[in-house]
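First up is the structure itself, then whatever we jot down about it.
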């Protein structure tokens, strides 16, 4: 799908369709008023007859409006004018895209980007429209024998901006939006891939392909079990013992900083390509969704793709911690004591608390990069889902400025997060009679104690932890990976690169 921006009046648009907003109660937006004037009151007469109230998401498709050059006009309800916020704006764009795609409008000029959204500029409105459009049209049908396609799908969207001086901002927004959307799609595709295809080896192949696609900027190294053993990554190795698939850690390095020796930002993604729970076997119901336990790694992959596509002036390392947690004769057991790469020992009380065992060794491994900061992303705890539901990613950090940066990026991107505490008072829940710590801390504050466990391996750098257990995928009829938090982390990196779109 193609996107572009232009600045022009609606009466001069010769297009398959013009998209304009209508507010409650039956109030035309300024652009709709211009079209109404051209058509001698045709549109306002329809509204007076009750054809459209203006509630968020309502649509009315008009054909051959008098004196209008375009074939059709799509009126889209935007709710109350003063209440149009980020969430409603994205809902309106989503409804617009679906309607255009379903009604055979192969190209359209969209004036929704001229609407006033509280606290948001043209760059934000155009970028969010691009990202939302790509999200709306996303399908995962690679493994279906019969693919359903729209007869006349939407192919081209032109976003109108109020003035010519905003064209540059709009073009930059499209560039950024397309790169972020591609990163989100890559993460969703990996997440949706079945575990008989997407194992640690598949993740490694995708990481290598990324290096091939962006040769000169991206390099990939894959570390196998033998090298992990030599490094002392015994906790990581233990988790994969029950699987016939080898555990593989894919290290993707992107160097975009003019100073190649600049300290990198490190992103670590939990990549449990299937989590049966090991000996502490999960219930059978819903176990199929444990293919999504690698969505942390998938999101890191998507962010690395975005950074390479935009050639961000940063040095970034992305680690995909690929592994599979299965029961079997070689599987690790409750009661085992593991010596981690850091030298600290862990008593395994539950083999289904495996993500932290993989991550703790990776968080020790990345010390060698002397990172400016480290962010890990993991579908880590059901407790985070109970605390924050499926709307907010859990954020914990040992560095307040880093936490603030991430929360700000989350709000900018519309990929929201909520900070949870990381207090020392929670650490005692991890006490063990037989090792330095246990791998679980009981039910109270489970998301926090999981992060407290990881914090014991991150004392040498500024670190944040994103628990995406509630936000990485949807269940039910809309089942599928969400691609979160690619948008948040992409915004974080754009901000770091000074490319945040502020005017």
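In case you wondered, yes, glycine gets a Cβ from its N, Cα and C as well.
If you take the C-beta of residue 275 (Mn(2+) 2 binding site) and look for same-chain residues 6 or more apart in sequence within under 8 angstroms, you find 282, 290, 293, 324, 325, 352, 354, 355. The Mn(2+) 2 binding site annotation in Swiss-Prot covers 270, 275, 293, 354 and rests on sequence analysis.
The Mn(2+) 1 binding site annotation in Swiss-Prot covers 275, 352, 354 and rests on sequence analysis.
In this structure, residue 282 (active site) belongs to neither helix nor strand by DSSP; it is coil. Within 10 Å of the C-beta of residue 282 (active site) we count 16 further C-beta atoms, all protein chains included. Taken from Swiss-Prot, the feature active site covers 282 (among others), and the record attributes it to sequence analysis.
Around residue 356 (active site), the C-beta neighbours below 8 angstroms that are at least 6 residues distant in the chain are 380, 439, 450, 453, 454. Residue 356 (active site) falls within a helical segment according to DSSP. The active site annotation in Swiss-Prot covers 356 (among others) and rests on sequence analysis.
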Ask   = When you measure from the Cβ of residue 270 (Mn(2+) 2 binding site), which residues in the chain that are at least 6 apart have a Cβ under 8 Å away?
value = 293, 294, 296, 297, 321, 355, 358, 359, 376, 377, 378, 379, 380
Note = Within 10 angstroms of the C-beta of residue 293 (Mn(2+) 2 binding site), the count of other C-beta atoms across all shown chains comes to 28
Query = Which residues, in sequence order, are found in the same chain with Cβ within 8 Å of the centroid defined by the Cβ atoms of 270, 275, 293, 354 at the Mn(2+) 2 site, excluding those residues themselves?
reply = 239, 271, 272, 290, 294, 323, 325, 355, 358, 378, 379
Inquiry  = Beyond the listed site residues 275, 352, 354, identify every same-chain residue whose Cβ lies within 8 Å of the center of their Cβ atoms for the Mn(2+) 1 site.
reply    = 239, 272, 276, 277, 278, 280, 282, 293, 325, 351, 353, 355
Message = With DSSP assignments reduced to helix, strand and coil, which class does residue 275 (Mn(2+) 2 binding site) get?
response = strand
